[in-house]
Amino acid sequence: MHSQSSFSARVAPTVQNVPGLSTEEMERVCEQTFLRYNYGGLGKRKGKGVAIVWFRNDLRVLDNEALFRAWVSSEVVLPVYCVDPRLFGATHYFGFPKTGALRAQFIIECLTDLKKNLVKRGLDLLIQHGKPEEIIPSLAKAYKAHTVYAHKETCSEEVNVEKLVTRNLQGNEPRSITTTKLELVWGSTMYHMDDLPFDCESLPDVYTQFRKSVESKSKVRNCIRLPASLGPPPEKVGDWGHVPQVTELGLQQEKVSKGMKFIGGESVALGRVHDYFWKKDLLKVYKETRNGMLGPDYSTKFSPWLASGSLSPRFIYEEVKRYEKERQSNDSTYWVLFELIWRDYFRFLSIKLGNLLFQAGGPRKVNINWSQDQTMFYAWRQGQTGYPLIDANMKELAATGFMSNRGRQIVCSFLVRDMGIDWRMGAEWFETCLLDYDPCSNYGNWTYGAGVGNDPREDRYFSIPKQAQNYDPEGEFVAYWLPELRALPREKRHTPGLMYLNPIVGLKHGYTKKTGDSKTGFSSRRGKPEGNRQKRYGDGRTY
């Protein structure tokens, strides 16, 4: 796209930090933002005793209702994070690492920043290694906590941990009035679950119906404000623990040596919002550039911080509204919110669907004879399919933990439609690699892409030649990630012929001399194709 010209493939590979602000500037933005959201001494703290905040995927101070409720309800707050070994185990079906080294490093950075921001506000972060259902009840007993506050999760693994924590908090005295309660708070979406015009079991099966309904009938709540001081913590904490190193989690250290390097933490997240919205003034063109594939600024890149809970979607909403008031309101400012509603939708949908989200037939319970060919899948995940657009995206994912939204849809379509591979293999590989992994959005998007999700169109096919023509017309993206293509004329980079690998399969559509029989692979097992023509649908997504 034209907006990517400053990030030319002819430039030697470099690492670009996201955001590109100095540490000092990010700290300043963070402190100024906290000042804007200061509680301001409204009312007095009337609580008694000790309250625990169990941090999970909400690694932030700003707009953290669990933290606020703990402060209000107590005299002393104990913030806790549990390094759960299950998060570093294997994925359910195919045994990939549940958390790859790059995301582990990002989470470590988030924890370091959270600890620092809590210390600045009179608290600290107790870091313990083990299962929350063992650690939290033990701490509750040791500190005589009346309540444990945490943010509610929606998928089965996380919900099961919540149930175990509740059961173990009750212990042998389920009827005791002194039993510690687990109070779960909803805080992961832009629209609050209690404000939806329907319950989750009645959630519309089509995104557009959901969006129109919440936009007309629901209102986004204000961010939670916090006092400047959240202390004190308990006096008798002897060892607050330490933020682990990647190697302590059983992983090998990996460094980003090319492309975008995302830095974890709330301070950085607030810096990115400031940089993208206010300093670079890029919000006003977001809709035009959001389908880019190369460089840090074609889209907001908020997703890794949203997934870790370092950034509140309600804060983004308020910043968009402030931007509209102070600068301008247009389709681009709305489109950031449009995408956040997609994120909300997948989160609420995970409640309605339960484990159907993770099963081969998906929410629609489709019976498809998927292939699980290991050689074919390995070629896809390593970026060795012979199709530059696929391979460049997969190499970016492996090197950085990130892939553009456009890229994700293309590589999903190729794996499922052209290779005929089980979509769950792709979803679990994304689970390993993505910095912004969360089960709801990841598996929600994969079920859509595989044609087994709640989607009025079952056969989402992305023609690689068409996608390349539309979104990487000069081959800058593929030449950046596949340097061997850099010497080719730009019009040849997507069809390099003998200068590149032989294609591993033929394409379902977009037949060329080098791709063999366009009818091979998946096409014989699926319904009628949608063809190569570009389409725009009601959900605003273009293929």
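Glycine is treated like the rest: Cβ placed from N, Cα and C.
Curation plays no part in TrEMBL annotations; they are all automatic predictions.
Annotation comment: TrEMBL describes 49-190 as domain 'Photolyase/cryptochrome alpha/beta'. Summarising the annotation, TrEMBL assigns FAD binding site to Y286, 299-303, 339-346, 436-438. TrEMBL lists W370, W423, W446 with the feature site 'Electron transfer via tryptophanyl radical'. Summarising the annotation, TrEMBL assigns region 'Disordered' to 512-543. The annotation compositional bias 'Basic and acidic residues' is assigned in TrEMBL to 527-543.
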Inter-residue Cα distance where the pair is W342 (FAD binding site) and W446 (site 'Electron transfer via tryptophanyl radical'), in Å: 14
Spatial neighbour of W423 (site 'Electron transfer via tryptophanyl radical') that is closest, considering only the recorded positions K301, W342, W370, Y437 and their CA atoms: W370
Rounded Cα separation (Å) that holds between K301 (FAD binding site) and W370 (site 'Electron transfer via tryptophanyl radical'): 33
Residues near W342 (FAD binding site) in space but at least six apart in sequence (CB under 8 A): Y207
Long-range Cβ environment of Y345 (FAD binding site), under 8 Å and at least 6 residues apart: L203, Y207, F210, R211, G444
Residue, out of the recorded positions Y286, W423, W446, whose Cβ gathers the largest set of other Cβ atoms within 10 Å: W446
Length of the line joining the Cα atoms of Y286 (FAD binding site) and W370 (site 'Electron transfer via tryptophanyl radical'), in Å: 37
W370 (site 'Electron transfer via tryptophanyl radical') and E339 (FAD binding site), distance between Cα atoms, whole Å: 30
Cβ packing number for W370 (site 'Electron transfer via tryptophanyl radical'), 10 Å threshold: 18
Pairwise CA distance, W370 (site 'Electron transfer via tryptophanyl radical') versus Y437 (FAD binding site), rounded so that it is a whole Å: 24
Those residues of the chain, 6+ apart, with a Cβ under 8 Å from that of Y437 (FAD binding site): R103, A307, F430, E431
Local confidence of the prediction over the domain 'Photolyase/cryptochrome alpha/beta' (49-190), expressed as mean pLDDT: 95
